[in-house]
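What TrEMBL says about this one:
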COMPBIAS  393-404  compositional bias 'Basic and acidic residues'
DOMAIN    8-369  domain 'FAD-binding'
REGION    384-413  region 'Disordered'
REGION    446-465  region 'Disordered'
Amino acid sequence: MDPKSPVETDLLIVGAGPAGASLACFLARYGLKGIVISSAPGTARTPRAHINNPAAMECMRDIGLWDECRKLGHGGVFLRHFRWCETMAGEEYARVYSFGEGVRQGDVAATSPCWYLDLPQNLLEPVLVKFATTNGFKVRFDTQLIGFEEKGGGKVLCDVRDRVSGATYQISTKYLFGADGARSLVAQKLDLPMTEHPGGGMAFNVLVRADLSHLMRFREGNLNWCVRLERDYPFTCVGRMVKPWYEWIFVFFPKGPGVAAPERSEKEWKEVVEDYIGDPKVQVEVLDVSKWLVNETSANVISKGNVFCLGDAIHRHPPTLGLGSNTCIQDAFNLSWKIHLVLKGLASPSLLSTYNTERQPVAAQLVKESNDILRKHAEVWQALGAKGPGSSEEERMQGIRELRQNTPGGRQRRKLLKERIDYMQHETNTMGIQMGQLYTSTAIDASSEPRPFAPGPREASEPALYYDPSTYPGRRLPHVWLNTPVPGPLVSTLDIAGKGRFALFTGIGGELWKEAAQAVGEELGVEIKAVAIGIGAEWEDPYFEWMGVRGVEDDGCVLVRPDLFVAWRAESGGEELQRLGMVLRGILGVKDSASG
């Protein structure tokens, strides 16, 4: 090859974090090949993002990585509580169950075959990179994108630099993906319009090794909000478990926007952490100190032409709600099947525009919700007595003293604290935010629905907290456990669907839907896995849960996209071949072969 000629590829992903690496995995699952470049020297060296919710883990399950993830991560008791306390060893003011534990445990089990995991980014990324590189993708670290230009013929010409040798070269790609983080060069060069609000200041992550197992016996909690009102350094921090219970990140939030961030030596940070632990016998070793801005920025447009952005490139926010890497993974899952079908000539390029239509609102909501809940945390601290910069120790301690007093002021403050702690369910158990998306785009066909979507009663009353499963087009395929007529291991509807193909669910009397699925799939070159659910069918509904959520008659059908979202449903049978063919051609943006 001429050393001056560009490297040719179909797919170039910039960034090997959760967004870029997961996109490479999902594309590789389709047998596609491409290149991932990252300016970093390797995968993440510190924990960074850590909470993985069931929605994101369903994506990992779909490509066979769920078992590996759950072996590496921690769930259950290790995620049981959010706590508010004086210090890790000191007085506790309040706690709430979190991440599907306690009274909400049944909700998670009913919603997904997966569960919450604390799987830090430095453990997740190697899993993703290994899968991608063993399934057709090349990953090059220490390789920096320095520019790109869209050329004729649907090509994007990218200039890259090898950060080891300093050499520059070019990569020509059909599609470019900007998964290059909050300072995304791809988003910058595309000039994506952003909605940006003033930042919340500079926060610090202090990674330490400190054995707190003796403290956590009666304090099981992944996140421990410590409030040191008698100190003049940031009054609040959160002690986040990394490895139970001997490795932690202490996150120190700023006193407020515009307040200068403290410059501390490693020794000084060690002393601050020791103070927040509150047990002088604990040995603390500082492993890393990093800082980050509390951002509130989302992209109004997330793709242009053959260039797509995902992950932190399009949504920048604090880690509250724990949705950052989860949203990155789901961005990639949404985009990958569309790229596959268009690249293979099985769908019109217009299908790719639905990535923007479906995922941009999710990014905007995430940024707003995560910042709103951080502001709600400040209200908890205020109920405990925290005040703004410049307040005296006496002013700050007054609130804590009042909480203990049998006075009208004490009763009012306790009531206020309870109200604000109760609201924290909007961070710790947000099944509605995580699972309740409703996509509306040309890749969804709700034209035959008699009425607009209406959420179930719980979701309608508290849309952030609750998710009521539904097969309405644009909603997530409900998880239901199924079995064979002669019982064997239970199998989720999510395991029957997905796997890079469309799926069609019907019931007794729906044989013509299965025949139509085979015929339409063969005509369009798209695989459709069609199954019947019902007594005596290939899959049975032992708990009658599918009957309760399917939303169609026995001889109707539910069509599911490769990303496990409902594309369309038919109330009953009749004209199966014509109806299914028309719907799927509409989703793919292709013409009827009979019409030319």
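Note that Cβ sites are derived from N, Cα and C of the backbone, with glycine treated the same way.
Distant neighbours of the compositional bias 'Basic and acidic residues' (393-404): 93, 229-230, 232, 235, 382-387, 410, 413-414, 417; these residues of the same chain sit at least 6 beyond its ends, with a Cβ under 8 Å from one of its Cβ atoms.
Secondary structure by DSSP for the region 'Disordered' (384-413): 18 helix, 0 strand, 12 coil. Per-residue pLDDT, averaged across the domain 'FAD-binding' (8-369), gives 94.
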